Structures are given as C-alpha cells and as structure tokens.
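Swiss-Prot lists 6-148 with the feature domain 'Clp R', giving sequence analysis as the kind of evidence. Feature annotation from Swiss-Prot assigns region 'Repeat 1' to 9-73. The region 'Repeat 2' annotation in Swiss-Prot covers 85-148 and rests on sequence analysis. Annotation source Swiss-Prot lists region 'NBD1' at 161-342. Positions annotated as ATP 1 binding site by Swiss-Prot: 208, 209, 210, 211, 212, 213, 214, 215. According to Swiss-Prot, the feature region 'Linker' maps to 343-551, an assignment based on similarity to another entry. Swiss-Prot lists 393-527 with the feature coiled coil, giving similarity to another entry as the kind of evidence. Residues annotated as region 'NBD2' in Swiss-Prot, with similarity to another entry given as evidence: 561-772. Positions annotated as ATP 2 binding site by Swiss-Prot, on the basis of similarity to another entry: 611, 612, 613, 614, 615, 616, 617, 618. Annotation comment: Swiss-Prot describes 773-872 as region 'C-terminal', evidence class similarity to another entry.
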C-alpha cells in the first residue's frame with residue numbers, strides 16, 4: 001500500500017508516516033522501512049507511547065533498540081536526496097489497513113500501525129518478542145484505551161481515555177494518602193451524599209466564600225468512599241475532578257473543546273453511574289467554549305444533569321454563583337445548593353490539629369499546640385478580608401516554612417564569625433607586606449585573634465551540623481511513621497488483618513521508640529550549651545507572620561500591653577508640652593478601652609481636640625500613633641478642607657457603581673483595610689461639608705463602615721481624633737487667666753453645639769480643649785527641638801551645647817501667643833540651624849567638634865569647646 005493519500009489516515013498516523021523520510025535521511029539511508037516508522041511513533045509522545053507503557057514496556061529501552069537497528073542498516077554516501085518506500089513498510093501498511101477493517105474504523109490510526117508490527121519479519125517481530133508483546137496482548141490494551149470509541153474522524157486520539165487526560169482521580173489519590181485529612185464538615189458531606197443518592201437532579205453544588213473548604217468537602221467524600229463509609233449507592237465509586245483548564249488548553253479549532261467534553265461525558269455515562277464528576281470553579285463551565293453561535297459547555301451538560309445520567313458535584317464562590325449560574329435559571333435548577341459556612345475558631349483549631357502532623361512531616365519541624373490556637377484566634381481577629389480555616393492554615397504553613405528556612409541556612413552567630421575571619425584574613429595579608437614594629441605587633445595580635453575565632457568557628461560548625469543532623473533524622477523518622485500509617489490503612493481496607501497487626505504492633509511501635517530516642521538526642525544536643533537551631537513553631541512565629549501580612553506591630557499581638565499602657569501618660573507628657581489636661585484625658589480613655597471596660601464594638605477611643613493653632617493638637621496625635629503602634633506611619637491623616645463639597649464623601653468610602661474610580665476604593669476605607677491598627681486624624685473638621693459627618697456616625701457608633709464595593713471595614717482597633725479651631729478666640733482671650741477657665745469652656749462648647757449636630761457630638765468619647773502656651777512651656781519646647789537637632793548632628797559626630805541664656809533667648813524670639821509653637825520652630829531654624837549650617841560650610845566646625853551656643857549683643861554666638869572642657 002503506497003501512503004500517498006493523507007485522507008486514509010488519522011492526523012497523528014499521517015504525521016508519523018510523513019516524518020519517516022526525514023529520519024531515513026538523517027541516517028544516510030534511502031529506503032524507508034518499518035524501523036523508521038517505529039522511531040517516528042516513539043518520538044511522537046502520544047498514543048503509541050501510552051499503549052506501550054500500559055503493556056509494561058520501558059520506552060527508553062525500546063527506543064534504544066530501534067536506534068541501534070537503524071544504525072546497523074547500510075548507509076548511502078553521496079548527494080542524492082531521494083528516498084523510496086521499502087517492502088517491509090509497504091506490507092506493514094497493508095496489515096494496518098486490514099486491522100482497520102476488523103475494528104470497523106473509518107481511518108488508519110496509530111493503534112492499527114502498532115498492531116501490524118508483531119508480524120513484521122524484518123524488524124517488528126524480533127523487537128516485540130524481546131519485550132514479550134504479542135498481537136492479542138496489544139489488542140486487549142487497545143480495547144482498554146479506546147473503550148467503546150471507534151475512529152470516525154481524523155483526530156480520535158483526543159477522545160481516548162479523556163477522563164484520564166482531563167481529570168484527576170480523587171479516590172485514587174485518597175487511596176495513596178495524597179489528600180489532607182478532612183476534619184469536621186460532617187453535615188455538609190452528609191447532605192452532599194444525600195443529594196448524590198437522588199434519582200434525578202442528583203447534583204450538589206457547594207457554595208461558600210473562598211477558603212472555607214469547599215474543595216476539602218469533595219476530598220473528604222473521596223476519603224469516605226475509599227474507607228467504605230458511604231451508602232450502597234456510592235460504594236466503590238470513583239470521584240474524578242475535572243480540569244477545565246486542560247480541556248480548553250490547545251483546543252485550536254471550532255468544536256474541538258465540545259468534542260473533548262462530549263468524550264468525557266460519554267465515558268462518565270457509560271460507566272453506569274460508577275463515576276461521580278467533581279468540577280471545581282463550576283462557573284467556568286458557563287460560557288466555556290462558546291463562540292459565535294456555538295453551544296457552551298453549560299448547555300451540553302444540562303440534558304444529562306436533568307436526567308440523572310451524570311452525577312456531578314460543583315464548587316464555586318457566592319459571588320460567582322450569583323454572577324454566572326443564577327443568571328442561567330435552567331442550569332441553576334439542575335443543581336442543589338449546599339451552603340458551606342466559615343467554621344468557628346474552635347472548629348478551625350480542630351482542623352489545624354488534624355493537619356498538624358502533615359505539616360510537621362513536610363517541613364521537618366515541630367508545631368506547638370499553642371501556635372495552632374494562636375493561628376486560629378489571631379487570624380480571626382486581625383485578618384478580616386479572608387476566611388477560616390484557609391487563613392489560619394496559611395499562617396501555620398508559612399511559619400513552619402520560615403523556621404525550616406532558618407534551620408537549613410547558616411545561623412547568625414556562625415555567619416558573623418565567618419565574615420569576621422574573612423575580614424581579619426584580608427587585614428593579615430596587607431600587614432604581612434609591612435616591616436615596621438607596630439605592624440608586626442599588630443600582626444601577632446591579629447594571628448592570636450584569628451586562631452581564637454577559628455576555634456570558635458569549628459566548635460559552632462560542629463554544633464550546627466550535629467543539631468541539623470538530628471533534626472533531619474527526626475524528619476525521616478516522621479516520614480516513615482506517615483508511610484507505615486498509610487500501609488496500615490490500606491491493609492485494613494483490604495481486610496489483611498495479619499499485615500495490619502504486624503505493622504501496627506511491630507514496625508509502628510519500633511518507629512515511635514526511634515522517634516522518642518531521637519527527640520531525647522536532640523534535647524541533649526541542645527542542652528549542652530546555647531542552641532543554634534529552633535525546631536518548634538511557637539506563638540511568636542505566628543505573630544511575626546501576621547505582623548508581616550497586616551502591618552500590625554508584633555508587640556500588639558504577643559507582649560503584654562500592661563506596661564505600655566501604664567507608662568502611656570508619662571510618654572505623651574515628654575512629647576506634648578503644656579497640655580496636661582488633654583494628655584491625661586487621652587491616656588485615661590485608652591486605658592479604659594484596653595482594660596476591656598469600653599464597648600468592644602466601637603473604636604478604641606474618639607476625641608475632638610479644640611484649640612488655637614500650634615498648641616500641640618497634631619503633635620499629640622503623632623505621639624499617640626508612635627507610642628501605641630510603634631511607628632508614626634500608623635497615623636492616617638485626612639485633611640477635611642478637601643471635603644468641602646457634598647459629593648466629596650465618595651472619596652472617603654469610594655465612588656458608587658457606574659462612576660469613574662469605582663474600582664479604586666476610598667481613601668479612608670482602603671487605608672484602614674490594609675492597616676487596621678491606626679490613629680486616624682481628621683484635621684480641621686469644621687471645614688468639611690455637613691453631609692460628610694453622616695459617615696462618621698456609623699464609624700463612631702458601630703466601629704465599622706461599608707465601602708462602595710460592599711466590603712465591611714472594621715474601625716474597632718482605631719483611635720479617632722478630630723481637630724478643630726472652633727472657639728479658639730475664646731481660649732486666646734483668657735490666656736494665662738485660669739480663673740475664667742469654666743467660662744471659656746462653656747463658650748467653646750456653645751460654639752461647638754452651634755457648628756455640629758447633636759447626634760455627632762453625642763457619639764464622641766471626649767471633647768478636649770487645648771490651652772494657649774506660655775513662655776515657660778515654650779522654653780521646654782525649645783529644649784525638645786534642640787534635642788532633635790542634636791540627634792541630627794550626631795551623624796557628623798558634632799556635639800551641641802546651649803547655655804540657659806541661649807534657651808531663654810530662643811523662647812523669647814519665638815513667643816507669639818496667637819500662633820503657638822509654630823513661630824518657635826521657625827525661630828530655631830532661622831537663629832540656630834541656619835547659622836550652624838553656614839559655620840560648618842565655612843569650615844569653622846569639623847566632625848568631632850563640640851559647638852557651644854551663648855548670647856552676645858542680643859544675638860546667638862557660636863564657639864568651639866576644647867575637648868577637655870567637654871569631658872570635664
């Protein structure tokens with residue numbers, strides 16, 4: 001048979017035949033024989049390889065034998081490029097045609113070509129005998145692969161074993177112990193089994209938020225099927241997870257995707273209810289593969305789902321269910337909903353305890369029970385935009401991975417010594433070139449130091465290696481225990497009770513003894529001195545990971561805050577001068593809240609700061625952020641003068657749907673979602689439009705607000721401060737006259753009531769009035785500002801000293817009761833900082849000098865102090 005007509009062959013078969021002349025030319029041969037076709041088939045990595053692998057043939061070996069046979073054939077030298085068909089290939093194609101007729105196929109396919117080889121006297125017969133393959137064995141394997149399919153088009157290979165190609169057998173994975181244990185979720189699994197046992201519409205769809213464990217329920221069902229813990233209707237069934245991505249990938253031509261899907265569905269229905277299909281992210285089925293006028297995958301599924309021919313479990317999130325499946329009422333009615341809710345913190349702890357062993361074996365570390373409790377409680381409290389148990393499992397996983405990374409990388413102490421040795425070695429090399437006495441003396445000292453360091457390095461290296469070896473030994477023992485437990489389960493499933501008992505009371509007991517001995521060895525190794533490696537995940541590790549995720553300082557999560565809260569007032573007094581009443585009121589409110597006496601559903605504290613400009617309102621907010629949350633970055637400052645129009649409220653919580661900027665979220669809500677622990681400063685609130693205050697009502701009362709995209713943003717851990725200049729003229733009127741304080745407070749509060757609505761004022765914890773500053777307080781502020789300048793000069797190793805007269809001079813120059821401390825800042829910049837900068841640039845002061853500042857002729861004078869004066 002001359003292979004001249006590609007229409008007689010399937011695409012893959014013709015591809016292999018068309019490749020044979022190329023192979024012959026590569027080997028300088030003019031005659032194309034059956035061995036060239038075999039090489040082409042093996043290089044294809046398609047159906048031929050699959051059939052031979054199923055027959056137990058080593059593909060590498062058969063490929064090598066074919067190559068060796070080709071190499072032994074005569075070669076033709078010269079420039080001739082013509083090749084012609086050999087007799088063996090001609091007769092092989094005739095036999096393939098005969099097999100096609102036997103199978104009642106329309107085209108010659110790969111399997112027909114393979115079946116023709118056992119009778120190929122030239123090459124195939126000997127090759128197949130060597131690998132113990134005959135025609136009947138090949139036919140049986142081909143029937144297994146093809147099932148009931150016949151070759152009716154030129155691409156039949158895509159439909160063979162389509163479930164194997166586009167699906168993952170979850171029951172097989174459960175049998176091999178590849179799935180994580182599923183703890184709890186009994187109600188959801190029972191309801192799923194109940195729906196699967198119906199006669200028609202036996203298709204449950206698991207819907208719930210991302211990360212609550214929908215896929216885990218399907219895996220739990222697979223584990224129950226394997227354990228036989230299911231009703232008769234599901235006994236010995238296969239649960240296969242369909243990979244929609246693999247089905248769509250590479251479907252180049254119109255209808256190819258539908259063809260693949262039909263092949264999968266045909267295989268499922270022909271199994272006679274033996275296969276249950278699981279489609280994760282089932283919303284991808286709606287609209288998949290639909291081009292102009294073509295049917296989508298959802299419509300192909302509908303008839304089978306309604307008749308009960310196909311048992312299918314779907315899983316999707318609430319948003320996607322609403323967006324895709326609810327729109328298609330015909331598809332929705334074929335699925336029965338199983339709602340999967342987020343587990344409670346207690347249930348999450350149980351889930352983590354069940355998974356603990358898996359993670360310990362994978363990472364080779366120990367995970368303490370307290371760290372599991374911390375992961376569940378802290379993630380529930382601080383990570384509000386994700387769901388349990390997923391976020392808690394992620395925390396434990398990342399903390400264990402971080403610890404594993406520490407174990408495998410060099411300890412910090414050892415790394416420091418290595419770097420020090422390297423530095424000294426380089427110094428030694430340069431000193432060896434010098435011949436003076438000082439250099440030789442330094443060289444001797446250096447060599448002694450090097451010898452000591454190398455000795456310490458050797459000791460630490462030995463300790464690190466021994467600790468690492470024991471930890472690795474621990475991991476391998478745990479892995480063996482895991483394997484033996486899996487073997488015990490398999491033996492019990494097969495009712496091989498002798499084997500199960502032998503493993504349980506023999507191998508497993510020995511392994512547990514080895515585990516205890518290794519743990520003792522580790523504690524002895526680490527007990528000899530300071531341990532270099534930790535092998536247990538603790539609460540602190542979990543807290544550190546949460547801190548990295550959310551930006552919440554670790555001290556908030558782990559350390560006791562009592563000390564911090566007790567010293568809060570003192571700390572604020574250091575930074576905010578002259579506002580004792582304000583500082584005390586703020587500290588009291590926060591201490592009340594943190595001690596658990598305040599309402600937990602409201603912000604930690606909310607204040608309105610009233611007072612003239614420059615008296616420390618913003619400074620107190622900064623000091624509070626810095627002390628409570630360890631960084632001034634925790635201060636979220638929103639200037640209310642930018643919210644003077646009614647529509648500006650959309651900038652705080654995000655633009656409504658349909659408006660430009662809807663996707664971006666709001667300035668306030670997005671910031672607090674990313675950093676839930678913050679001090680929020682609304683500056684100059686009297687300048688905002690009255691409608692903007694409506695948003696404050698729910699923040700101050702319920703501690704939460706819903707943004708334009710429907711996310712609930714939690715304000716319960718924030719401290720809210722609003723500043724205003726309302727009534728500042730009354731405060732300035734009584735500057736220094738404490739006898740009129742009550743009268744002034746009454747007038748300021750009256751001004752507040754005239755400007756703001758009662759429902760807003762009623763929700764604020766405290767209205768705090770700031771006094772104007774007098775000269776004595778300004779002098780203290782001068783000292784504070786000078787301390788900051790000293791810190792900046794420290795970088796240049798320059799010291800700064802000011803006489804009392806100089807401090808008084810700066811306080812006098814910067815005193816302005818109307819503008820508070822701001823003119824003082826400008827005076828210090830003008831009189832002190834600028835003059836020092838100019839003197840340094842002129843070269844009057846150098847690094848390491850001490851500058852003494854005094855007053856001469858009603859101006860500041862600058863002089864260099866001798867070192868001995870300073871040291872005395």
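Positions of Cβ are set from backbone N, Cα and C atoms, glycine also.
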Among 612, 614, 616, 617, 618, which are recorded as binding-site residues, the nearest neighbour of residue 213 (ATP 1 binding site) by Cα: 618
Cβ-based isolation winner (fewest other Cβ atoms within 10 Å) among the binding-site residues 208, 210, 213, 611, 616: 210
Binding-site residues: 211, 612, 614 - member with fewest neighbouring CB atoms within 10 Å: 211
Shell of the ATP 1 site beyond 208, 209, 210, 211, 212, 213, 214, 215, same chain only (C-beta within 8 angstroms of their C-beta centre): 216, 317, 340, 342, 387, 390
For residue 214 (ATP 1 binding site), the number of other Cβ atoms found within 10 Å of its own Cβ: 24
Greatest C-beta neighbour count within 10 angstroms, which of the binding-site residues 212, 615: 615
Where residue 616 (ATP 2 binding site) falls in three-state DSSP terms: coil
Length of the line joining the Cα atoms of residue 210 (ATP 1 binding site) and residue 615 (ATP 2 binding site), in Å: 50
Chain-internal residues, separated by at least six, CB under 8 A from residue 209 (ATP 1 binding site): 317, 318, 342, 387
Cα-nearest neighbour of residue 215 (ATP 1 binding site) within the listed binding-site residues, 612, 615, 616, 617, 618: 618
Residue 211 (ATP 1 binding site) and residue 618 (ATP 2 binding site), distance between Cα atoms, whole Å: 41
Candidate nearest residue 211 (ATP 1 binding site) in space, where candidates are the binding-site residues 611, 612, 613, 614, 617 and distance is Cα-Cα: 617
Distance from residue 615 (ATP 2 binding site) back to residue 214 (ATP 1 binding site), taken between C-alpha atoms, in Å: 57
Tertiary neighbours of residue 617 (ATP 2 binding site) (same chain, Cβ under 8 Å, six or more apart): 609, 611, 723, 770
Helix, strand or coil at residue 212 (ATP 1 binding site) [DSSP, three-state]: coil
Of 215, 618 (the binding-site residues), the residue whose Cβ has the fewest other Cβ atoms within 10 Å: 215
Distance from residue 208 (ATP 1 binding site) back to residue 613 (ATP 2 binding site), taken between C-alpha atoms, in Å: 53
